[in-house]
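So that you can see what the record holds, here are the features copied from TrEMBL:
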DOMAIN    193-224  domain 'EGF-like'
DOMAIN    235-270  domain 'EGF-like'
DOMAIN    281-316  domain 'EGF-like'
DOMAIN    373-408  domain 'EGF-like'
DOMAIN    419-454  domain 'EGF-like'
DOMAIN    511-546  domain 'EGF-like'
DOMAIN    557-592  domain 'EGF-like'
DOMAIN    603-638  domain 'EGF-like'
DOMAIN    695-730  domain 'EGF-like'
DOMAIN    741-776  domain 'EGF-like'
DOMAIN    787-822  domain 'EGF-like'
DOMAIN    866-899  domain 'EGF-like'
SIGNAL    1-22  signal peptide
Amino acid sequence: MYAVVLLVCCSWVALLCPSVQAYENLALKKPAWQSSTEMSYNGAELAVDGLYTDLSWDGGQCAWSVGGQTTAEWGVDLGGVKYIHHVFIQYATDNWVWDEYNGYTGYFLGFSVYISNTTNKEDGVLCFRDTIYTRATIPNPVNITCPYHGRYVIYYNNRTHPPYPEGYSYDVYIELCEVEVYGCPTPGRYGENCSLLCPENCHCDVIDKTCVECVPGYKGHLCYEECGGHTYGLECKQSCGNCSGGVQCDHETGSCPKGCDAGLYGDKCDLECGGHTYGLGCKQSCGNCSGGVQCDHVTGTCPNGCVAGMSGDKCDLECDGHTYGLGCKQSCGNCSGGVQCDHVTGICPNGCVAGMSRDKCDLECGGHTYGLGCKQSCGNCSGGVQCDHVTGICPNGCVAGMSGDKCDLECGGHTYGLECKQSCGNCSGGVQCDHETGSCPKGCDAGLYGDKCDLECGGHTYGLGCNQSCGNCSGGVQCDHVTGICPNGCVAGMSGDKCDLECGGHTYGLECKQSCGNCSGGVQCDHVTGSCPKGCDAGLYGDKCDLECGGHTYGLGCKQSCGNCSGGVQCDLVTGICPNGCVAGMSGEKCDLECAGRTYGVECKQSCGNCSGGVQCDHVTGNCPNGCDAGMYGDRCDLECGGHTYGLGCNQSCGKCSGGVQCDHVTGICPNGCDAGLYGDKCDLECGGHTYGLGCKQSCGNCSGGVQCDHVTGICPNGCVAGMSGDKCDLECAGHTYGVECKQSCGNCSGGVQCDHVTGKCPNGCDAGMYGERCDLACGSYKYGVECKEVCGNCSNGIPCHHVDGSCPSGCDAGAYGVTCKESCGNCSNRDTCNDVDGSCPYGCDVGVYGKTCDKACQSGRYSISCAKACGQNCQGCNRFNGVCEFGCQPGWTGTFCEKRKVFAMTMKTSRFLLNWWIFNRSSTELFS
């Protein structure tokens, strides 16, 4: 286990560490308990309900215990053993500023947090105990790092050992508005996303997978070693029982693989024989040992002798010879017939002489009995006194319901009770009621119930014995207790005087006034809801069969599909016919037939082209699936070959015919001669012999190396002299090039102008980020921009900025932000560094400031971290850092935070004046009223 518990990330606001954001709140809405509850709206469950916007005791969001206690405990059941990372606690503030003047701080001081696998905190580990805070320093809320595993998280505080540190309260409360337990919900996992598996056999640390504890049966640093030395279980601290043959028990469960030694039993052989058994497998029985103790689990002997009535080493022999009791040393009385008395109690099995009773026949009859063997019963005598043990006569009369000298006669004549003076109720059939209570033995007349038949039927019953049920009366009222009629009608779906008949005749609902839909087969719909039990007629659907088929379906159950109707409209819901015809390529009443007969398109009115082999074209587009006849092309084979092609599939090339006309689409012959640079019937031969152009009649210039120029344009294939370009080498270099064959690239000239076509120099300077005569050198020495005159900002680790725009490739140094890292961070919480892109503070602002970059002073009426707190409601303006009302209080209020109401001190003279003023005004009111 961990030896140190760290308290981290505490602050005056609910800020969590960045490294714990991925953990799950395991306590949310889990079962919770507390040692006591102040009010019904202060239950323990409010501390895990996810709500803590109202931090007052009566706001309905905080758990609260009864005051005046020396100890207070609250706990939550996580539902199983979980891997915990940290615990968040939000204590009550009564919505006041949390500082040394807040009365709740003294009750928070000294608290502890435990993690346990039982509801007893002493069975677990102490995660944190406050010993350092004061009323001025204790944070709220607080985050407590607690890297343990357990099922129960327990908050505890006490005031049991005075004197207490300064500022501590004298009693303790539970005043918890929220407790959040963050960790991994799945056992055996760790890491920020709880996505990593712990080592095998290991309960690992939720952060770094260190084995905090091994699973039962294993030990060692990495939990690889099984328990040995006759130990097992958690941390190998449990000892094995006495396994047969002295073998090692199971390292996890402690069970013995080959059974137990004599006198022991159980999976772990750690239980001695009991239940008056002993020996191997506890299969031998011993007698009853004195005091109910177990006989020796091995030999079966009783250590302290036998119970009364038994004898022998194993106490398995009963007393005889007219003896009984402990050690068989007591003698029996004179039992009837001289038989042996009971060996344990001495009781005579066949009774005593007349008039005597009890086990030893030495007591007079009692318990309302008399005579021989006390077997005759006398009545119940008044006051519970015993009748005469010989005659049975009651000395002071009888109890209620009885009569006669011996009080053995029940009341009759429809009477009951004391001296049979009370009259019975209306019993069914006029029979006699119970002689003591007046209850009727065979029930009541119709419409009545109760022991005395004096209550009318209720609970939707009526009639004889209230055994008949009436229907559901409207408004839930009771039907007539005799007839069962409902006074105000029936609930929906029921009818009849007694509301016991379901709606019929294709009706349903209230008073059966709603009509059913078109149910299949004309069956009755549900009498309450109107739904059809066996589906709908063709073309309809829905519980009540009141909806028409849609979505291109029709017919019974809307299970048949119709074709694609024109305009996407729905087909007829019964027949499936399309009302406005079909989409392109489809035909038939239901638009479910494709076009045929070499047709396609809308209504199949368009004819296919010349498809190869005369096959049918595509019914929608008219495309030919296997290509076209010779000389034709296109998806529909309705176009003659073009683009200087001809023949089958237009796959043969013709030359470039004069005027750009197409060659014959079948033969490839050009009708009007050839384009420049070509000759031959099909114009598929290029000019040669240093000629080019129309009819190959033009001569080329002097190309480099004397090679043939282009047969059409006369262009030299190997370029021109230095500084020149163009097909005929008559143009200066352009496009940011210069030099021989214009192969050298200009630098980045300002404004994108062309450099000198011979030297490559830029006439008007360079683009931003570049320098040099040819503008081909990037800025250096932490400079950027036009002419490299701009200085880089505070880039991270001193890395140079981008030479063009000054941006920092790896972000900014601490305290700087922006594209060029020239902006300074605002006042971030805890002096944190701001985001180096937009300047935002990752964990909020410091006290007194707010805004995205934490550079704005708090607005009027706000203060504290990120200006998150409002000034006191009676404050005329507070300090933006600490909330002190430095501009004064509203009239009638005082104190640092204007939280104290002023007391109006009235002098005797003032009180006398106000009394006289009140008397005068009252008299004037009465005078003029």
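Note that Cβ sites are derived from N, Cα and C of the backbone, with glycine treated the same way.
Remote same-chain partners of the domain 'EGF-like' (235-270), defined as residues 6 or more beyond its termini with a Cβ less than 8 Å from a stretch Cβ, comprise 213-219, 226-228, 278-282, 296-298.
Cβ atoms under 8 Å from those of the domain 'EGF-like' (373-408) belong to residues 351-352, 354-357, 364-367, 416-420, 434-437 of the same chain, restricted to positions at least 6 beyond its ends.
Across the candidate stretches 193-224, 281-316, 419-454, 511-546, 787-822, the maximum count of CB pairs under 8 A to the domain 'EGF-like' (741-776) is reached by 787-822.
Sequence-distant contacts of the domain 'EGF-like' (419-454), counting only residues of its own chain at least 6 positions beyond either end whose CB sits under 8 Å from a CB of the stretch, comprise 397-398, 400-403, 410-413, 462-466, 481-482. Using a Cβ-Cβ cut-off under 8 Å and counting only residues 6 or more beyond its ends in the same chain, the domain 'EGF-like' (281-316) has close neighbours at 259-260, 262-265, 272-275, 324-328, 342-345.
Across the domain 'EGF-like' (741-776), the model assigns an average pLDDT of 85. For the domain 'EGF-like' (511-546), same-chain residues at least 6 beyond its ends with a Cβ under 8 Å from one of its own Cβ atoms are 489-490, 492-495, 502-505, 554-558, 572-574. Nonlocal intrachain contacts for the domain 'EGF-like' (787-822), taken as residues 6+ away from its ends with a CB within less than 8 angstroms of a stretch CB, comprise 765-771, 778-780, 833-839, 853.
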